[in-house]
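J.: These came from Swiss-Prot, pasted as-is:
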- 1-197: domain 'CNNM transmembrane' (DOMAIN)
- 216-275: domain 'CBS 1' (DOMAIN)
- 282-343: domain 'CBS 2' (DOMAIN)
- 1-4: topological domain 'Cytoplasmic' (TOPO_DOM)
- 26-54: topological domain 'Periplasmic' (TOPO_DOM)
- 76-99: topological domain 'Cytoplasmic' (TOPO_DOM)
- 121-141: topological domain 'Periplasmic' (TOPO_DOM)
- 163-447: topological domain 'Cytoplasmic' (TOPO_DOM)
- 5-25: transmembrane segment (TRANSMEM)
- 55-75: transmembrane segment (TRANSMEM)
- 100-120: transmembrane segment (TRANSMEM)
- 142-162: transmembrane segment (TRANSMEM)
Amino acid sequence: MLNSIFIIFCLIAVSAFFSISEISLAASRKIKLKLLADEGSINAQRVLKMQENPGMFFTVVQIGLNAVAILGGIVGDAAFSPAFSALFSHYMSPELSEQLSFILSFSLVTGLFILFADLTPKRIGMIAPEAVALRIINPMRFCLFVFRPLVWLFNGMANNIFRLFKIPMVRKDDITSDDIYAVVEAGALAGVLRKQEHELIENVFELESRTVPSSMTSRESIIWFDLHEDEQSLKKKVAEHPHSKFLVCNEDIDHIIGYVDSKDLLNRVLANQSMALNSGVQIRNTLIVPDTLTLSEALESFKTAGEDFAVIMNEYALVVGIITLNDVMTTLMGDLVGQGLEEQIVARDENSWLVDGGTPIDDVMRVLDIDEFPQSGNYETIGGFMMFMLRKIPKRTDSVKFSGYKFEVVDIDNYRIDQLLVTRLDNKSNVPAPKLPDAQGKEDSAA
């Protein structure tokens with residue numbers, strides 16, 4: 001009996017090895033293994049190679065687990081049934097004692113295998129899959145060598161079944177932006193990433209999705225020089241609006257000549273020379289980009305052209321705004337470089353905010369914790385959202401209710417929404433989804 005018990009514990013150990021091997025090799029993260037492989041870990045390279053063809057080691061694992069389970073049942077019955085049968089034979093008939101002995105020995109062996117050969121090793125493998133995989137990879141390679149004929153047979157039959165049902169046989173480990181978002185979110189929740197680091201990483205990915213109008217200075221806010229403007233007017237504009245660069249146009253903003261650098265104008269003033277643009281002031285060529293460009297593409301354009309200032313035009317060759325490298329970096333770095341800028345979203349109290357109409361919709365989503373605005377591809381700013389929902393040129397007191405918030409127009413500047421009051425509704429969870437834009441516009445205009 002002692003020999004049988006020893007054999008059972010050996011079988012449990014073998015089964016535990018296959019269980020921990022299966023879960024650790026399957027759960028090991030490819031990114032972490034690649035880092036270890038780049039540092040020179042040969043075992044990490046071997047684990048990666050085995051993960052490329054998981055059918056091989058899964059076949060070995062299943063052969064081992066099933067063989068050990070069958071042997072465990074046979075040995076367990078032979079080891080414990082006679083002892084239980086002898087014990088129960090004093091109290092019941094031989095037939096009944098044999099049946100009860102078989103049930104008890106089966107339950108005992110099964111319990112031992114479940115606890116020590118399955119649950120415990122698999123939980124260990126899940127806790128530290130990469131560390132375990134690096135330790136068991138060489139014994140697993142030896143098992144692959146020993147069972148190669150059986151592996152070839154069963155793996156070949158499994159591959160034919162996969163081909164029959166057109167199931168891919170290689171695991172796809174393509175990493176998407178959503179995967180990285182999830183990892184970053186998990187890192188923030190776990191405290192591994194600080195709030196600023198979390199926001200910075202999110203902003204990096206937003207550069208690919210946000211277009212230049214979301215960060216530009218809009219057309220009506222551009223301070224520009226007319227080519228024939230007198231010197232006093234130019235000095236007044238420079239004094240009132242101390243920008244580093246000024247657009248130069250001919251009669252109107254849509255006829256662009258170029259731009260002048262404030263440093264060049266200052267040098268002329270210090271040299272007692274005229275600031276008039278037709279008196280020899282250097283007018284530089286302007287980088288012009290379409291309004292469909294993403295911020296990431298705008299960065300590439302700045303790099304290629306060697307500029308940090310660009311004019312944004314729409315499909316009708318009309319100027320819609322200007323964007324600078326600093327605008328893009330402010331979007332990327334947030335508060336780290338935008339300390340001196342006027343806040344676009346100002347909290348009045350814990351349930352209300354004053355929001356600039358030109359605030360990018362992504363910034364509003366982040367502050368108000370709104371997952372998505374309806375048909376957000378049709379607008380870039382919160383003012384655009386209001387016009388889209390109202391289906392008209394907005395006026396003061398016009399409002400829209402969405403996602404548990406009331407968005408109310410409080411200030412208009414030349415038909416443009418200058419400021420909104422956003423209020424959190426008490427019954428946020430019960431607020432219905434917004435109606436179709438036409439219906440919503442009629443409802444709000446009647447309010």
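Backbone N, Cα and C atoms are what each Cβ position is placed from, and that goes for glycine too.
Each of the listed features needs to be described in terms of its position in the shown structure.
T.: Mean pLDDT across the domain 'CBS 1' (216-275) comes to 91 in this model.
Look at the domain 'CBS 2' (282-343): DSSP puts its residues at 23 helix, 17 strand, 22 coil.
For the topological domain 'Periplasmic' (26-54), the residues of the chain that approach it from at least six positions outside its boundaries are 125-126, 129-130, 133-135, 137-138, 140-141, 170-171, 173, 175, judged by C-beta separation under 8 angstroms.
According to DSSP, the secondary structure content of the topological domain 'Cytoplasmic' (76-99) in residues is 19 helix, 0 strand, 5 coil.
Long-range contacts of the transmembrane segment (55-75) within the same chain: residues 4, 7-8, 11-12, 14-15, 17-19, 21-22, 25, 106, 109, 113, 117, 140, 143-144, 147, 150-151, 154-155, 158-159, 169, each at least 6 residues beyond the stretch ends and with a Cβ under 8 Å from a Cβ of the stretch.
Only residues 6 or more beyond the boundaries of the transmembrane segment (100-120), in the same chain, are considered here, and those with a CB under 8 A from a CB of the stretch are 8, 11-13, 15-16, 19, 68-69, 72-73, 76-77, 79-85, 88, 92.
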J.: Below 8 angstroms Cβ to Cβ, which residues of this chain, lying six or more residues outside the transmembrane segment (5-25), approach it?
T.: 47, 50-51, 54, 57-58, 60-61, 64-65, 68-69, 71-72, 75-76, 79, 109, 112-113, 116-118, 120-122, 124-126, 129-130, 132-133, 136-137, 139-140
J.: Mind checking which residues of the chain, 6+ beyond the ends of the topological domain 'Periplasmic' (121-141), have their Cβ under 8 Å from one of its Cβ atoms?
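T.: Answer is 16-17, 19-29, 32-33, 36, 41, 43-44, 46-47, 50, 57, 60.
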J.: Helix, strand, coil: count each for the residues of the topological domain 'Periplasmic' (121-141), based on DSSP.
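T.: Residue counts for the topological domain 'Periplasmic' (121-141) by secondary structure: 20 helix, 0 strand, 1 coil.
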J.: Using a Cβ-Cβ cut-off of under 8 Å, list the residues of the same chain that are 6+ residues beyond the ends of the transmembrane segment (142-162) and lie near it.
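T.: Beyond its ends, the transmembrane segment (142-162) has Cβ neighbours at 55-57, 59-60, 62-64, 168-169.
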